[in-house]
Amino acid sequence: MNINNGDKLKDNMGKALFILSLFVLGLLIFLIIQKPFLHIDEWFTQGVLNISFKEMVHLTAKDVHPPLYYAIALMPVYLFKWLHIPFDMITLMKMVSVVPYVIIFVISLTKIRKDYGWLVGGLFAFTLLTMADFFTMFSIARMYPWGLLFLVVSFLYACEILRNPSLKSWILLAFFSVCGAYTHYFVAIPSILLYMLLLVHVLLKNKTQIKNWLISTVFGILCFVPWVPYLLKQINSVSGSYWIDEITFETFVQFFASIFTDTAEFYVNLALAIVFLAIFISILIYYRKSKEDADIVLIGSLMFIGTILVGVTVSIVFNPIFIVRYVIPATAVLWLCLSIYISKFDLKRVIIPVVIILVLFSVANIADQVNEISDNHEKLVKNQEFLQSINSNNSVVIIDGMVKYVHFYNQLNDSIVYGGFSVGEREKAKDFTLFYDDKDTRFLMPDDFNKYENKTVYLAYRQGSDIDLPKDVSKEKVGKVENTKFYILKYKG
């Protein structure tokens, strides 16, 4: 094949992938509008977006996540309210999660396309919406899409450093790395790994950049230092126990297979993990041959692998804190590197077959995630109907724990809503707590509970938790919203 014709075909494939990406993006936006749903933690996001900025900062400091995502999500809420534009909260907060993909799409169409060609830009834009669990992730109102954006941008500045280093690129690398750390702590891990890998590269190949590496590192550390006291408190709050399951061999395999799809089928995951292993071995061979952009491809791959190894190690040695969606940002960087890597091969023998396989795989992947979104939409409808059925001025709802209180208090605005907290939560829940006692139990009943004998009293607490009720109070289950059970309480006195 003529080289010029081959390059032209590569460009056309890249353009076609950009167009396909736009169709998939349109489908995502359509589903967000037509089939809204709330993932478990999105109930918390919705609650946070109904409080003030000051309350948000205080609340997130007591939670287990940093505050930047919530600050970003609050901006359009404030803007729409200031402009007196009516909006649906669920749709708006989900559209905030689509914005990072739109930004990356533009970056792929401009910066990445300019540096690496149409094929790399189009392939990255396409895989970032169709592989792994990206399609669903960009529809969830949580911090992962924004953490992904900040990590991808910081990695692009690392690529600039590898190709044409400058102090500006080092400073911007630090800035976006810090933004990622303030968005989700598991974005900080691949960022730290990136700095370590860049240090190795500098020491081996470009010692003149050691000073800039130090400046960038110190700048990043100083920017994150103000949040460290809150981080330490958050670590202490989960040091005893956390909701995440222990790491098993099956979940370890799933981490590596998740670059393609998110499934619980072990043998599917094992096969996909073996495929990834084969790809990584070929990347090592490519690096040993000192091919073009080999440093970039290897560093991005090691960031992904290193994130998994760090998360798994910490989970085994201390407490389980690592799940598949925490590796999503590093997975995005990996797909950028794989897009660059794939573009280096022969068009007919490798690129065309690989792109066809990825497109076919994406069809099945998206179909599965669309079905999941539809199922979650039906769950949301049922959950909202249940909450509406108990939300009245004749209802008293007692919600156990700060997080669950934030989940539901705004959904029960016609009811009398209490937050029930254990003594251990007294300090971090002080702005929301309406009653305590001195017993160290998970749930605390008000002394004057009997004054509500003419109202319907509900108790809501997380599934799996055990609530100690007074002897003169009984409970009867009436419903469940996600992992939160609702009971009617009856006073027997």
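Glycine residues also receive a Cβ, built from the backbone N, Cα and C atoms like all the rest.
Residues of the same chain lying 6 or more positions beyond the ends of the transmembrane segment (12-33) and with a Cβ under 8 Å from any Cβ of it are 91, 94-95, 98, 101-102, 105, 108-109, 113, 117-123, 125-126, 129-130, 135, 138-139, 351-352, 355, 359, 362, 366, 370, 373. Look at TrEMBL and you will find 12-33 (among others) tagged as transmembrane segment.
A Cβ distance under 8 Å defines the sequence-distant neighbours of the transmembrane segment (92-110), meaning residues of its chain 6+ beyond its ends; these are 18, 21, 25, 28-29, 32, 36, 42, 45-46, 49, 72-73, 76-77, 80, 121-122, 124-125, 128-129, 137-142, 145-146, 148-149, 152-153, 156, 332. The feature transmembrane segment is assigned by TrEMBL to 92-110 (among others).
Sequence-distant neighbours of the transmembrane segment (116-136) (same chain, 6+ residues past either end, Cβ-Cβ under 8 Å): 10-18, 20-21, 24-25, 28, 101, 104-105, 108-109, 258-262, 293, 324-325, 328, 331-332, 335-336, 338-340, 342-343, 351, 355, 358-359, 361-362, 365-366, 369-370, 372-373. Look at TrEMBL and you will find 116-136 (among others) tagged as transmembrane segment.
What TrEMBL lists as transmembrane segment is 169-200 (among others).
The transmembrane segment annotation in TrEMBL covers 212-232 (among others). Tertiary proximity for the transmembrane segment (212-232) is limited to same-chain residues at least six positions away from its ends with a CB under 8 Å from its CB atoms, namely 61, 66, 165, 167, 170-171, 173-175, 177-178, 181-182, 185, 195, 198-199, 202.
The transmembrane segment annotation in TrEMBL covers 266-287 (among others).
What TrEMBL lists as transmembrane segment is 296-317 (among others).
For the transmembrane segment (323-343), the list of distant contacts is 10, 104, 112, 116-117, 119-120, 123-124, 127-128, 131-134, 137, 144, 147-148, 150-152, 155, 180, 184, 186-187, 189-190, 244, 251, 254-255, 258-259, 262, 279, 283, 286, 293, 296-297, 299-301, 303-304, 307-308, 311, 350-351, 354-355: same-chain residues at least six beyond its ends, Cβ to Cβ under 8 Å. Sequence annotations record features per position, and here TrEMBL assigns transmembrane segment to 323-343 (among others).
If you look up TrEMBL, you'll see 350-367 (among others) marked as transmembrane segment.
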Ranked first among 169-200, 266-287, 350-367 for CB pairs under 8 angstroms with the transmembrane segment (296-317): 169-200
Other parts of the chain folded back onto the transmembrane segment (169-200), taken as Cβ under 8 Å at six or more residues beyond its ends: 65-69, 143-144, 146-148, 150-151, 153-155, 157-158, 160-162, 209, 212-213, 215-217, 219-220, 223-224, 227, 231, 299, 302-304, 306-307, 310-311, 322, 326-327, 329-330, 333
